[in-house]
Structures are given as structure tokens and as C-alpha cells.
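Peer 1: The structure's right below; bear with me while I get my questions together.
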């Protein structure tokens, strides 16, 4: 009787059998396997693309060295400091920039998706601005060798940076970046890059565009600065690979102050004094952050410290040169000495790191 009742409760044509259960399980396993294969293929494709491309973080090396050359250039303008050190630093930076840019360009030509992937990357996307920014710093130094074309090279590099910035801004405005992905590196293309553009345009004899570029940098510093600082205060901790980007908080006002000097500011304006105050505040904050930075595993990220420190040294030297010549010379040499020691320390550590990595022993 029970069997008859049970059989009448089951809908006709929908009886569940061990064979149908096995079929469903097999189908699920096949689907999972296909998804895993697709994931592995996609991951391998991404890995191969990034192996063939120069990491964008590597451009921090020539940027930092060009910044050091710039500090020596500012110091030597007084006629007391020798000029040969700046030629050494700029020479190394130029060779590395040409090498990295050529290698990256070849990778992009072979695999066009690399460029789009880098621009959309929430962490490393802003670092693509390294390429035109370094070019502008080098053009300002070597422009006298090709004076007829120097201004055109500067305009081309500023235009390239503008295209990069426009692409990044469009992504930001359409929700392409989550709040937790924000880091101080987002100030590099639109703030620091704009101030460097202002300096380069001023050196190329274009005061109007130089002031316009300075205005762009100020605008984005005012707009993005509070958002990013708020994320650092209230958001989750930055990953170790991005902690060094906090040093860019020193580079932004330092390059802004240098742009003011480049636009014939003698140091007496209230805007320049405001800039100096921000630089001092950010420098003291960086000193307090040394224990935080020491917890970062050594790697390319350490080169990110060099450009902010070099730009701050350049800015300090410009102020020092306004004072008594005897004291100014001592203070200038002290600033250059500290900067050179930092470069030497990072360089030696990088060589040791590379040797250990090549030997299969992680540092």
C-alpha cells in the first residue's frame, strides 16, 4: 500500500534515477573543468604578456636618477658646484629611459593589449606617465644640444602626457577604479606630471602654456589630494608594493614650488611661501614614516623614494641660494651629500638583490 501511495505522489515523466544524478554530476564536473582550463589559459597569457613587457615600476629608476641630476643642475647654476656630476646622473638616466622605453614600445607593438591593460590597471595604471615625464626632464637638460627642436620635443611630450592623463581621468570618472584601489601614485600623472610640464614649457620659452600646466597641477592637487589622503586615513592599509607611493606626497608640492621658481617667482610671493610650508610639512611626515617604509620588502618599489627626495632637495637648494653665499654653499653640499648617499645605498642594495635573485635565493 505504501509503495502504491509513493508511486502515485511522483509526477509522471520526472522520476529521479541514479543514472540522471550521475549525468548531472558529470555535467557539473565538465563545466568546472572547462572553467579551470579557461582560467589557466588566461592566467598564462597574462603572465607571458607581462614577462615580455618592462614593468612600469622600473621607470622609477631613470626618473629618480634624472631627479638627482636635476638637483645637481640647480646647485651648479650658482657657479660653485661642479657640473660633471649632473652629466653623469643625466647620462645614466637617459640610457635607462631609452632602453626601457624601447623595450616597452616593442612589447606594445607585439601585443597591443599590454597598453590597454596597463592603462586600466587599478594599481599600476598611473605609472605609465613615467615615460613622458622622464622625457621632459631629460629634454630640459639636453635641449641645448638641439635647440631648434627642443621646444617641439617638449610640446610632443606634454601632448603625450595629456593623452595619458585624459585616458586615466576618463577611466576614473566612469567608476573604473574602486576607492580601495586608490593610492598616492594617482597624483603622479595629473599633479607632479603637470608641474614638470610647467617647468619644461617655461624652459622652452612658452610662459603662457607653462602657467596653464601649473594651473592643471594645482587643480588636481586640490581635487585628488583630499580624496587620496582620506583613503589613506580611513581605508585599508596599502599593499607593500604600493607603500612607497606615499613619498609622492613630497614630490607634488616640491615640483609645484620648482614650477613657481621657473615662472620667475623670486620666492617672495605668498603662493611660493605656501608651497614651502607644505613641502616642509610633507618632509617631516616622511621622516616620521621611516619605520613604516622599513617594513617594505626590498625591490623596485624602493626607487620610488628617489624622485620625491631629489625634487625636495632641488626645491630646498633653490631656497638656499637666496641666502648668504657662504652658508648656502655648505647647505647645498650637505643636501647633495645626503641625496648621493641615498642613491648609493639603493643602488648597492639593488645589485645585491639582483645577485641573490639570479642565484635563486630570495632576499
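Quick reminder: no glycine exception, Cβ is built from N, Cα and C everywhere.
So TrEMBL lists the following for this protein:
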type     : residues : note
REGION   : 1-21     : region 'Disordered'
TRANSMEM : 53-76    : transmembrane segment
TRANSMEM : 88-109   : transmembrane segment
TRANSMEM : 150-173  : transmembrane segment
TRANSMEM : 185-205  : transmembrane segment
TRANSMEM : 211-234  : transmembrane segment
TRANSMEM : 246-264  : transmembrane segment
TRANSMEM : 270-293  : transmembrane segment
TRANSMEM : 300-320  : transmembrane segment
TRANSMEM : 332-355  : transmembrane segment
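Each of these features: where is it, how hidden is it, and who are its neighbours?
Peer 2: Cβ atoms under 8 Å from those of the transmembrane segment (185-205) belong to residues 123, 126-130, 132-133, 136-137, 139-140, 143, 150-151, 154-155, 157-158, 161, 164-165, 168-169, 172, 211, 213-214, 216-217, 220-221, 224-225, 228, 242, 245, 248-249, 251-252, 255-256, 258-259, 262-263 of the same chain, restricted to positions at least 6 beyond its ends.
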Peer 1: For the transmembrane segment (332-355), what are the same-chain contacts with Cβ under 8 Å, counting residues 6+ beyond its ends?
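Peer 2: Same-chain residues near the transmembrane segment (332-355) but 6 or more away: 64-65, 68, 71-72, 75, 78, 80-81, 85, 298-299, 302-303, 305-306, 309-310, 313, 316-317, 320-321, 363.
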Peer 1: If we call contact 3 or more Cβ pairs under 8 Å (sequence gap 6 or more), are the transmembrane segment (300-320) and the transmembrane segment (53-76) touching?
Peer 2: yes
